[in-house]
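Next up is a structure, given as structure tokens.
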Number of protein chains: 2
Amino acid sequence: MGLEAEPLAAPHPYWPRDLEIGRYVPNDRPTWHSLAFLFSVSAALLALTWRAAGWRGWMGAPMRPGRRLALCWFAICGFIHGVIEGWFSLYHMDIPGDQSFLSQLWKEYAKGDSRYVIEDNFTVCMETITAWAWGPLSLWTVVAFLQRQPHRYVLQLVVSLGQLYGDVLYFYTEYREGFAHSEMWHPLYFWFYFVFMNALWIIIPSILLLDAWGHLSAAQRALDSVKAKRH
Amino acid sequence: MGLEAEPLAAPHPYWPRDLEIGRYVPNDRPTWHSLAFLFSVSAALLALTWRAAGWRGWMGAPMRPGRRLALCWFAICGFIHGVIEGWFSLYHMDIPGDQSFLSQLWKEYAKGDSRYVIEDNFTVCMETITAWAWGPLSLWTVVAFLQRQPHRYVLQLVVSLGQLYGDVLYFYTEYREGFAHSEMWHPLYFWFYFVFMNALWIIIPSILLLDAWGHLSAAQRALDSVKAKRH
């Protein structure tokens, strides 16, 4: 066979630099399209959920600002898990060569973690569970709080622990590989995409986990003391 | 260099058959030593915890058989996560060539999943979190129920969800690799070691998760109705 039988793929921007990515096609949209989509939809969901949570027509007492913010967080999580990570879970094998909008978003993100363009096994499994379990459960959490369902804090605990564990594994596996899939210390790709964006899913779920722990323990303590008085 | 400069490792029993495992030394103890250790310590913990949970000196009402069994489960989990998986998390790099008791147990188990003798990255990360998070938290769950601490069901939920998520990822990653690390359909190695032993950590945590969900929701419902009456 002549060399022309296997055309070289376009040079890619991913790390490690010698990574082989078949069928790679560079993005034809500018980066700000992806970032604008992510942040404007998130901002719209934040505004919408903030207003919805403040509506007095729901059962129960009006929500405090912290609780309203938590609901905004879960609404944004429902979008990011369900839509963006859902796309990855369905089309991870096509993303390097695909030019649809969300594939271009993932090709951009992968500059901070190339596991997203090589169908890394752990990454596909973790993202699939995130998309199909924590995504819908995030939206259910919003509804559960708006309607004051008795399992609202259980849902908050389940989603937050699931996000936290998945994200700890995400960082830990990459740490043990020496952060090989990113250009270390790059301000945008390493620090913003890889470290900062994912650190959010460590910090906020940890706070919400402790918050749910406190509320559920208080409810159990109240029930225990009622039962103790009856005896 | 002559061939003698790199002596071939002993032939190994792991799958895929062409897997390269440096420094492999076959076990010098019979298999039943490992199995007897695992099951006799588990049985002893079961008996001990069953008795402890039945002792009337603890606070609160006497425990039902189902609750006592659940505590036995968490005590056994504390042992398996903390000791057996703790050993793996500390010494996974030495296990193939090591003859200490727990390394031999892992070399035996790895016949059902060779990821344990090749320092598979996901496996090491997941096992380390299991050993150091779910291990101690399992023991705390036992104590929390014996002392009727208000966060006892929160702990049950956290440990069970952590075990469930880790185990789902464990099966899912191996499924996506075509069960390459085991001799498929082998009655002892595939079905008993790999499928059955790990299926326990899918089934039992699922039941305990739903149980905790029910108890915590009931406590929250009771507290909500008290607060609603006050208004």
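Yeah, the Cβs are placed from backbone N, Cα and C, and that goes for glycine too.
Annotation comment: TrEMBL describes A:32-50, A:71-90, A:129-146, A:153-173, A:188-210 as transmembrane segment. Marked as domain 'EXPERA' by TrEMBL: A:66-209.
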Taking a Cβ cut-off under 8 Å, which residues six or more beyond the ends of the transmembrane segment (A:129-146) line up next to it in the same chain?
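Sequence-remote neighbours of the transmembrane segment (A:129-146) are 49, 52-53, 58, 63, 67, 70-71, 74-75, 77-78, 81-82, 85-86, 88-89, 152, 155-156, 158-159, 162-163, 166.
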Under the DSSP assignment, what numbers of helix, strand and coil residues are found in the domain 'EXPERA' (A:66-209)?
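Counting residues by DSSP class gives 116 helix, 0 strand, 28 coil.
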Quick one: average pLDDT across the domain 'EXPERA' (A:66-209), no decimals.
96
